[in-house]
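**Student:** Annotation source TrEMBL lists transmembrane segment at 18-39, 51-71. As annotated by TrEMBL, domain 'HAMP' applies to 73-125. Among the features that TrEMBL reports, domain 'Histidine kinase' is placed at 140-359.
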Amino acid sequence: MSEHIQKPKRKKRIQVNILIRMVLSFIIAIAINDILILLFLKIEWQWFHDFFPYLLTPLFMVTFIFTFLVLTRRIVRDLIALEQGLQIISEGNLSYRVPVVRQDELGRVALNINRMTERLEQQIVKEREIEKSKMELITGISHDLRTPLTSIIGYIELLRTDSYQDKDEYTRFVQNTYNKALHLKKLLDDLFEYTRLTSVDVHLNLRRINLFQLLDQLLFEFEPIAQENGVYIVKDIGDSPIVTSIDSDKIARAIDNLLMNALKYSLKPGSICIRLKTTPEQITIEVENKGTPLSQDQEEKLFERFYKVDHSRSSEGIQTGAGLGLSIARNIIELHQGTLTLTHIHNVFTFQLNLPFENSSSS
């Protein structure tokens, strides 16, 4: 509403600005004309006095136009600068900014042109990043799916042509094919979950959940898997109910990804410590394990999608994914307005999951 009110005022101000310069030009032209008349009257040439009345009007017009051009030259110069700036921007140079040298309407026009150009530049950069992200996604998918798929085709070809020596080798081929198929399924599940979490229409199924109970159940299911790999679980989660609003399926997925990541890269034999802490404003879950130290560059890339640390660090018997586990976990936590961070001191890794505590009372 205020913009509609301001537009007529701005228009009037421009008109008044030009009108003032026109009146000044008129007054100056009259003054100069009067001075010239006084000077010319002193000339005693008869022929000059005969033609002088015919020179008054052209002289006045020339004086008026010249004065008006002088008084409006700055406005004209700034309009030319605006036109040149728009020309440069229209040719694709979105980094160019029109100089803002005035505080009036023309200054505001220049400012708005710069704002529009900046928003357009940001939009184009964002579109390029999305396009680059899509290409990286396709490249990552192709690379990660090719290996298990090639193995499956190879084993099926051996089985199809009866290229096995005995029943034990036949059973081994079938088991390897099954394991590769499970690996392929995990890759596709991770990919589907990641694309679902990063889509614009993702939504959370928030419910009042006892987070302590959920974490305790996840650790109960995880403990036998850890023991099979020579890792024991240290729990420091208390026994008090912690009820808050979360999407339990997604939070369970995030915690499970952190646990599997810790198991995959833990030193064997070793331990994984899980802590659960609360404040009136925040719930914190920590997953700590000892592993091979990372470089600064590796640590910074750890949450990037498709990033996988050298497999020589990981456990041989644990199914690997597409390098999306930590990226999925962080996306889930950020959807809950929380944070997921890593603290890495020597060979001790601590993933800290922070969630807002919407209900400070326990039930």
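Each residue, glycine too, has its Cβ placed from N, Cα and C.
Fair warning: this is a prediction, and the values are worked out from it, not measured in the lab.
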**Student:** Same chain, outside the transmembrane segment (51-71) by at least 6, Cβ under 8 Å from its Cβ: which residues?
**Tutor:** 21-22, 24-26, 28-30, 32-33, 36-37, 40
**Student:** Within the domain 'HAMP' (73-125), count helix residues (DSSP H, G, I), strand residues (E, B) and coil residues, in that order.
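**Tutor:** Per DSSP, the residues of the domain 'HAMP' (73-125) fall into 39 helix, 0 strand, 14 coil.
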**Student:** So what pLDDT does the domain 'Histidine kinase' (140-359) average out to?
**Tutor:** 84
